[in-house]
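S.K.: Just dropping this structure here.
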Amino acid sequence: MIYPKGIKKGDTIGIVAPSGPFRAATLGEIENALNNLGYNVKFGDSCYGSYKGYLSSEDKIRAKDIEDMFLDKTVDGIICLRGGYGTPRILDLIDYDIIKNNPKFFVGFSDITGLHIAFNKYTDLVTFHGPMAGTSHKWDEFTYNSLINALNNNVNKFENPNDEPIYTVVKGQCEGELIGGNLALIVAGIGTKYEIDTKGKILFIEDVGEAIYRLDRMLTQLSLAGKFDDCVGIVFGDFCDCNKDNDDDFEILELIQDRVAKYNKPCIFNLKSGHCTPMITLPFGCKYKLNATEKTLELIK
């Protein structure tokens, strides 16, 4: 896997909107925030539009925006503007050789999971499960430092902010490449050529605002698709606003234990990466050591 060049003050960050629309009136606020952090900004065409209500622009524009940012020699790396929905629609439109031949850091989460998985399969590029540019004016110190340290390959152990607990689901240790992202997007790719490959890998999963029964259904689909059989370990991230509808529903940790404990793979829950603030940035495509007994996750360099 290719670990892209890091970031330094004065670099230019390209911003693309591969998913939902963003209020163009607030782009100046985003630019000012990144300028104040020491970076120049270049917005792609997709950042300014809205198409059919829930997409930032037509599919071909969003795909071309990504290609253009990788080709642009003045752009040092790319951060996605926001999530929502849209990346599955453009996966077949992207020339992955462009990304592979012009490696740069690429950051995002949520709907951007579709691109993380595709890049992992077809470009050998390490990508970053990290914060969106659309919230850069709200980044706290932990979130910003986690992002910069990850981009510059200056991190070894990933620890929760504010002493937030990490829970052991299944004890044990494993080593493998980390890949994954948003549960709904991982499941959406099953049965396509962009299906996640978990063989010999550590699977990372997060989600937001899902009912317990929906999480149950998606985790069960991963189980039936053999993804838990194939992986060597599992890291569950943040599950913001995934609450019980009824008193007798599973608790989220109870559901996870019910769905994955039988595989006897090292597994932890509540690593603060996902739809949460502060947020840990995780490089995808790198080799990690997971010690679920000690509740630690470390990069192997």
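Yeah, the Cβs are placed from backbone N, Cα and C, and that goes for glycine too.
Straight out of TrEMBL:
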type	residues	note
ACT_SITE	Ser110	active site, nucleophile
ACT_SITE	Glu206	active site, charge relay system
ACT_SITE	His275	active site, charge relay system
DOMAIN	13-130	domain 'LD-carboxypeptidase N-terminal'
DOMAIN	175-290	domain 'LD-carboxypeptidase C-terminal'
S.K.: Tell me, by DSSP, whether the residue listed as 'active site, nucleophile' is helix, strand or coil?
M.R.: helix
S.K.: Within its own chain, what residues at least 6 apart in sequence put their Cβ under 8 Å from the Cβ of His275 (active site, charge relay system), listed in sequence order?
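M.R.: Set apart from His275 (active site, charge relay system) by at least 6 residues yet with Cβ under 8 Å, we have Phe109, Ser110, Glu206, Asp207, Val208, Gly209, Asp238, Cys240, Asp241.
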S.K.: When a 10 Å sphere is centred on the Cβ of Glu206 (active site, charge relay system), how many other Cβ atoms does it contain?
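M.R.: So the number of other Cβ atoms within 10 Å of Glu206 (active site, charge relay system) is 27.
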S.K.: Quick check: in three-state DSSP terms, what is His275 (active site, charge relay system)?
M.R.: coil
S.K.: DSSP on Glu206 (active site, charge relay system), three-state: which is it?
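M.R.: It is in a strand.
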S.K.: What is the Cβ neighbour count of the residue listed as 'active site, nucleophile' at a 10 Å cut-off, with all protein chains included?
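M.R.: Taking every protein chain into account, the count is 25.
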S.K.: For the domain 'LD-carboxypeptidase N-terminal' (13-130), jot down how many residues DSSP puts in helix, in strand and in coil.
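M.R.: Output for the domain 'LD-carboxypeptidase N-terminal' (13-130) reads 56 helix, 22 strand, 40 coil.
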S.K.: According to DSSP, how is the domain 'LD-carboxypeptidase C-terminal' (175-290) divided among helix, strand and coil residues?
M.R.: 35 helix, 33 strand, 48 coil
S.K.: Across the domain 'LD-carboxypeptidase N-terminal' (13-130), what does the pLDDT come to on average, as a whole number?
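M.R.: Across the residues of the domain 'LD-carboxypeptidase N-terminal' (13-130) the model's pLDDT averages 97 on the 0 to 100 scale.
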